[in-house]
Each structure stands twice: as structure tokens, then as C-alpha cells.
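What follows is a single structure, written as C-alpha cells, with notes after it.
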């Protein structure tokens, strides 16, 4: 099916992951918004390039053509246009749907969560873009997933490259989606797809190859700014100027060590207009796992200045930049690590089990647990009138509950509760 149930331990892991991501978004001052799962079919069509075929289309009884949302970006742009919102910093964590061939080992599903952060509004160049990259860096560092690199490029630089290599403008987008496959297949295959399927001349493809295999940092940007052909192209020059500025801001954030300016990065979606980026994990090996699991990109995003205008009746533009965290892929990696290490994950956050050592003390347990709940303490008790103390303590060990609050006849007479540390077996009366 390409969708999955989650056992309590998996659900707890996902919950932990999502809350780490959301707390990062909140730290950056983003407000939450929510959009419907269903959109009008025409809202989604023509926004995703070759991936449009993966949209789930539906028809309601009234004959209206609907579709399940494919991502959270297009609905956000539609929301901004409908509500005439000119600037907003938002996050949205929700499920999206793709009629894809699932590859469950690589974290590819037909129904999965996306975690998006976007900044909409007219601001000075590259300041919001740099913050999006900082967020990706923070999240991937916090989650301790191992080494990663954030690849950065700009659609204007790519389009400039295509122009100076002799590609007609009508073939920019098809050429772009082919270049985007460079991380999955060698240049020879990409070149033959460009010539064979996309109708580019072999000379143009060879010239593109000289550029799209380059990657580096500020030094490469400087080198391309001096390039006799590229520096004559208005689009490419603009893009390179902004890229230089972006790297200056990233240096101030102290994250340039993990960022690579990579001309092969294209991102296959039609709506990107400027900076584009993608975070890739460099190693998924684990000494306990015989076959390393490669999950590819774990975050991606970019600038989409024209998307809101597509939905606005007056064509009013709202510049936007955003990032999406591929939580499903990250989840696959962490889940495998957990299995390999044999570590047990707590499925609840219960802090204390209310227990009794003798019979006929259910009333005492109910009164004490009620006080704890009212005080905001996470507490449980066994649903038996007279459970054995050993069974109650065993339950704590099995579920990882750290404390047991014990009330027996002696404790009731003395007006105290015996608090037991389950792991060390130490007890204090209070």
C-alpha cells in the first residue's frame, strides 16, 4: 500500500522527531497555519513539473474536480493570495499524498508528513534565504544524524548556464529536471537523456556538462563571476551576485563548512525562481547493519517568488522562500539505528505509578492519582482492585516508569507517601 501503521515505540519516536523540528521553527518566530487536505484540482495542476502525474485526483458527488495536497507549499501560496496576506513567517506540519511507487526501506510512502517553514514578504535579498539554511543546519545538527552537506544553487544561474550553452528557453524546464538526476546517475546517462529524450543538441549538452559538474564555495562563485560567457548573461550575473551575498551571511551564521555551491542541483519543481537548496546525509553506515541504507535528500527548499501571483486575480506577487524537512526519511534512519542498537524506546511519558502494597486500598490510590493529575504530573495506576506490589513494580520496569508512589496502611496512618526510585530501589518517605 505504501502507507504504514506505527507501533507505540515508532509513534513515540516520530512524536519526538516532530516536536524537535517544531521547537526549532518556533525558536525562529514562525506562527502555525493549517490548510485543508483537499484542494481544487486546478490549484495543484501545472505546479510540479513531471511530478504532476503523482497527484491523487478525486471527484466529489457534485462533480467538482478535487485533489489531495501533494505538498504544503502550493496550498500556502493559495492561502496568501486568497487572504491578501503580504508577509508572514509560518510553519506547517501535516500529511501530504503522492501516487508514487513506494520504497519503504528508503522512507518513500504515498502518505507522509512534511514539516515546512516559509518566509513570505518583500525583504532585502538573501536575509530570509540564509535563515532557511540556518534552520536546516540547526535541525540536522540537533538530531545528530551524522555528517551532512547542504547543496545550494540558484535557478537564475542554471537558466543562465542553459542560455549560454545554446538551449532554447522552451527547453529550460525539461533540461532542469534532467540535470536534477545527476545525484542518482552518472553524467553520461544524464547527457544521453538530454539529447535523446529532451531534444538538446549534443554540443549544448557537452557545454552544460562543463558547468553542472562544478561545486565549491565562495571561490567558485568568484570564478564564475569572471567567466567570459556567464558574466554576460543578466540572469546568471544576478544569481551569482545573490549567491555571493548568501555565502557572506552564512559565514556570519558560522555554517559555511556544511554548505556547498553545487551547479548540478536543479530541484525538479516548476515553481522555483531563485535560490534552491537540498540537504543530503553523507553517511548512513552503521557497524551493526550489513547493508547501509541510503535515504538521499532529507530536506529541501528554495525561493518561489511567482507562485502566489498565479492564484491572485490581479497577479499580485508575494516573494516567498521556504524549506521542507523530510521527516519520513529521517525517521527511517533513526528507526534503523534504534533497532540495531537494541535500545528500548519509552512509549509513554508517565513519571510515576501509584501503587499499594496491601488489599482494600483502591480508594487511597484513586485519591492520590487524582491529586497528581490535577497538579499536572503524568501518572498511572493498574486497573485492578488489589494488584500485587511485585506486579506493580514489574510494570514500572517494563514500561520505563522511573518512580512508584506507594501508599500502604502504615503510610496512610503516618500521613506520608513512600516514593521509590524503580532503578536504584531507594525509597524516601514524604
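For all residues, glycine too, the Cβ spot is worked out from N, Cα and C.
Neighbour count (other Cβ atoms within 10 Å of the Cβ, all protein chains): 19 for residue 71 (L-histidine binding site). Feature annotation from TrEMBL assigns L-histidine binding site to 71, 72, 73, 98, 114, 118, 267, 271, 272.
The domain 'Aminoacyl-transfer RNA synthetases class-II family profile' feature in TrEMBL is assigned to 1-357.
Neighbour count (other Cβ atoms within 10 Å of the Cβ, all protein chains): 26 for residue 73 (L-histidine binding site). Residues 71, 72, 73, 98, 114, 118, 267, 271, 272 are listed as the L-histidine binders, and the farthest two of them sit 21 Å apart at their Cα atoms. All protein chains shown were included, and the count of other CB atoms within 10 Å of the CB of residue 114 (L-histidine binding site) stands at 19. Proximity of residue 267 (L-histidine binding site) to non-local residues of its own chain (separation of 6 or more, Cβ distance below 8 Å) is seen for 180, 276, 278, 300, 302, given in sequence order. Annotation for residue 272 (L-histidine binding site): spatial neighbours 155, 302, 303, 304, criterion Cβ-Cβ under 8 Å with sequence separation of six or more.
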